[in-house]
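Working notes for the structure below.
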Amino acid sequence: MNQRNLSLMSRFTSMLQSCSCLRQGYQIHTQIIVHGMSDHNDMGSRILGMYVRCKSFSDAKNVFFRIDLGYTSPWNWMIRGFTTMGFYNNALLFYFKMLGCGISPDKYTFPYVVKACSNLNSLSLGRLIHESVVSTGFEMDVFVGSSLIKLYAENGAILDAHELFEKLPVKDSVLWNVMINGYVKNGDLKRAMEVFMQMRYTEIMPNYVTFVCVLSICASEMGRVLHGLAISCGVDSESPVANTLLAMYSKSGCLYEARKIFDMTPRTDLVTWNGMVAGYVQNGSLVEACDLFREMLSAGVKPDSITFSSFLPSVSDLVDLKQGKEIHGYIVRHGVVMDAFLKTALIDIYFKCREIEMACNVFNQTKTVDAVIYTAMISGFVLHGMYSDALRTFQRLLHAQMRPTSVTLASVLPALSGLASLRLGKELHGYILKYGHEGGGYVGSSLTDMYAKCGRLDLANSVFHRMPVRDVVAWNSMISSCSQNGKPEEAITLFRDMGLKGENYNCATISAALSACSNLPALHYGKEIHGFMMKGSFRTDLFAESALVDMYSKCGDLKLARRVFDLMEWKNEVSWNSIIAAYGTHGRVKEAQLLYQAMLEKGFQPDHITFLAMISACSHAGLIDEGINYFRSMTENYEIRARMEHYACMVDLLGRAGRLDEALNIITSMTFEADAGIWGALLGASRNQGNVEIAEVASKHLFKLDPQNSGYYILMANVHADAGQWASALKVRELMKERGVKKLPGCSWIEINGISHMFVAAYKNHPESAEIYLMLKNLLLDMKKEGYAPQPYLSEHPQIANV
């Protein structure tokens, strides 16, 4: 080959190496053919490389099969191309074909082959390739070694990665970064920092990749030290480092430092804007997040799906439906990619703003089945008490053969609690055990809550004590479960045990413990917890103080309840609900109504709990029309969907007024099946009004829904007894006996001088029982003198006394 041709070949080689445009590549290839140089082995390999870099696999394949394949370079290019394009199986296939053709791999072959194994999560095949690397003598090559270390680190074999890392004689910054990142991905943050400190004792300077990796695992104190080191290394202004620093300060609650970095960073980087918006939202600075989002739009920076996914939770928390719809419109108009996280954020805001139909519309536009989006729908339905819809959504996820995550399972379990479906709950528990989700804190807590609400506190206890790690959520769930299932003493004992084990209380713990004091009732325990709150950080906690209002009210001290409410620095809907309910349960309806009006005047929106308190207060005071008006206001003016408890309250309200036909019509018009609470309210009202016909309708449902509840049988038998229908009363008692239902004695508490006294009917073990019964006898005589006529007891009838 003459000098001219050598010069021309060198020129074509240089052009091929720098070519990244396929059209330009075609032109160069044409010129090579015209000059008769395409058949040269080295040139053919370079043309192949050009097509691989330009990602034109059809052209690369045509070249590959036309050139000499007796040396390594063409094979390397094809393996590299397949790996870069994500066709990892094809890359490995070509590797083994190369070996079959007797071509030996070199140091350029192994990095891409190992990368293909790593992306396929094939550790066993990676070890096999490692043996070939050792046999060919390339183990100590920095690029081959780095790829092997990354393979081991990303597939859980961190000890193998460390062993190979220690062997390598020369370690560049890439290798150190791979090792540090490997420990981070394996959750060994302490060892990651140790490797970083080892790196500092070498001549290798950390680069921006190093700082991005290490800063991602730091808290603010260590982060500040590394921030200074990044400045001294001159990489603090690198966009990835600045973004990581911003995220680190935001997670640590240091918004001032985060904003300072943001202001000093060029704002052309969308990641920086997203990081600052997310930082404000995560730290509850919702107004600042909104201001920054507007500033971002004014600066001409086009937000992406990550921006909206980060920002929309602030709109949800502010319950600003108008702004949420405006953002949704912007997303649609500007063609922002609607990924799973963005759809989830939109679904969340619509549910929180009570726009259930819009949330369903977003969900129905999703063509692919995604566990994150389905979980958002399940949580939204549960939030609005739409338990059947939540369960159907979960079933759709399973039918699509998608495996639910721990978050999905924790979200659907409250739906089973709401439906009181123990059978389905046990089936789901079996699924959770099968796939190893029970150990997760949120799943375990949801399981205990589900069993407790289905009346199986024993199973809830079993799940709780089997949990390998009990976080504050698990403790709170168990304390609440005991309190709500008639075991307030056990709840208080658990509260003490939690403190003795060194677990930190939160506002939910305090609320649960105060609820237990309310149910006991035990005013002295409640006052002790109040004292604990005043000494610590809970003295200004909204939810804990609201629970305190509720506790004092239920323990009979309305004056202290109002005092706590008046002294609260801040109030929210929960606080107002607590004090309104307090006055309602004490029969002071006018004060409750005045508080309701004051709540509206202060700009707070009533929720389903507010209306439940108002309807209940009206029911106890006999203000029937006003109670009905509150129910209509809730459903029509505020568009709040009535729940089971609202209907139960309305049945009680109408039943007390003798309007039993209206109460029955409300039950039959419900969009979901009535539970035992609603039918029980109707049965109680029927007895008070002496309506045997409607009582029989209610009892039929009750005997199916809760066949082991002795109270319903006794109540129905009393209805017949009041009407003089002794034969029918006898049949009810015989049915109770046939089903093995035992009458559980009712009990009550009273606290005197800090001591709780429990009383059961015919209970005579109390040290002052003789004096107590004498006092009751005298009171009964005085009541009869005033015209009181006691209803007949079933036991007074000779036929029933023996049943």
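Even glycines carry a Cβ here, placed using N, Cα and C.
What TrEMBL records for 172-206, 269-303, 370-404, 471-505, 572-606, 607-637 is repeat 'PPR'.
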Sequence-distant contacts of the repeat 'PPR' (471-505), meaning Cβ under 8 Å and at least 6 residues beyond its ends, amount to 441-442, 444-446, 448-449, 451-453, 455, 457, 460-461, 464, 512-513, 515-517, 519-520, 522, 525, 538
Per DSSP, what is the helix/strand/coil residue tally across the repeat 'PPR' (471-505)? 26 helix, 0 strand, 9 coil
Would you mind listing the long-range same-chain contacts of the repeat 'PPR' (572-606), meaning Cβ under 8 Å and 6+ residues beyond its ends? 319, 542-543, 545-547, 549-550, 552-554, 558, 561-562, 565, 613-614, 616-618, 620-621, 623, 634, 638
What does DSSP give as the helix, strand and coil breakdown of the repeat 'PPR' (370-404)? 26 helix, 0 strand, 9 coil
Taken over the repeat 'PPR' (572-606), the model's mean pLDDT: 92
Quick one: DSSP breakdown of the repeat 'PPR' (572-606) into helix, strand and coil? 26 helix, 0 strand, 9 coil
What does DSSP give as the helix, strand and coil breakdown of the repeat 'PPR' (607-637)? 28 helix, 0 strand, 3 coil
